[in-house]
Amino acid sequence: MKPVVVFVLGGPGAGKGTQCARIVEKYGYTHLSAGDLLRDERKRPGSQYGELIENYIKEGEIVPVEITISLLKRAMDQTMAANSQKNKFLIDGFPRNEDNLQGWNKTMDGKADVSFVLFFDCDNEICIGRCLERGKSSGRSDDNRESLEKRIHTYLQSTRPIIDLYERMGKVRRVDASKSVDEVFEKVVQIFDKEG
């Protein structure tokens, strides 16, 4: 069985992680966060990628696509090996740019089906406010204003064009993410109920 993938995109602080947790609970998807996989790999003793990942994340830059895809593929393979019924994945925070998308198409062509792109659309200032709030407790090294400005700049420059590209293919399901968590999830449920 091939993995079925929903790409989850949106700026920093759009609520991707929060909403993904709820989708997992309600629809039985497996949530893979590209960022979390990279952060975990960075901490893994003896990782061949650790230091490299650290430098990219600190600079607010996008990690080379080969690394991210190999981590995503490994996670999907492990999940499906453990339970063959679990073939539905939410991939959050990927693809971030054209290079990511080309890398995915090249590596995963015929190996995974992308059913749609879930896009959490949120005003930048709201996103920054949420991240700064989260930074007080998350301990994430990139939840500070300087890193955030860089991340939002990278997102607007690199990720928005990817969303536009999928939009033209009719694959984007857009959600207004500036509303409350419950209101946003209500809209998400409508989308998943319709898409099956």
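Yeah, the Cβs are placed from backbone N, Cα and C, and that goes for glycine too.
According to Swiss-Prot, the features are:
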BINDING   Gly13, Ala14, Gly15, Lys16, Gly17, Thr18, Arg134, Lys179  ATP binding site
BINDING   Arg39, Glu61, Ile62, Val63, Gly93, Phe94, Pro95, Arg96, Arg140, Arg151  ribonucleoside 5'-phosphate binding site
BINDING   Asn100  CMP binding site
REGION    33-63  region 'NMP'
REGION    133-143  region 'LID'
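When the binding-site residues Gly15, Ile62, Arg134 are ranked by how far their Cα is from the Cα of the residue listed as 'CMP binding site', Ile62 comes first. Remark: Ala14 (ATP binding site) has Phe120, Asp121, Cys122, Cys127, Ala177 as non-local neighbours, by Cβ distance under 8 Å and separation of at least 6 in sequence. Each residue of the region 'LID' (133-143) gets a DSSP state, and the totals for helix, strand and coil are 6 helix, 0 strand, 5 coil. Between the C-alpha atoms of Gly93 (ribonucleoside 5'-phosphate binding site) and Lys16 (ATP binding site), the distance comes to 8 Å. All protein chains shown were included, and the count of other CB atoms within 10 Å of the CB of Gly15 (ATP binding site) stands at 24. Listed binding-site residues: Gly13, Lys16, Arg39, Asn100; maximum Cβ neighbour count within 10 Å falls on Gly13.
Overall, the recorded ATP-binding residues Gly13, Ala14, Gly15, Lys16, Gly17, Thr18, Arg134, Lys179 cover a maximum inter-Cα distance of 17 Å. Separation of the C-alpha atoms of Lys179 (ATP binding site) and Ile62 (ribonucleoside 5'-phosphate binding site): 28 Å, rounded to the nearest whole number.
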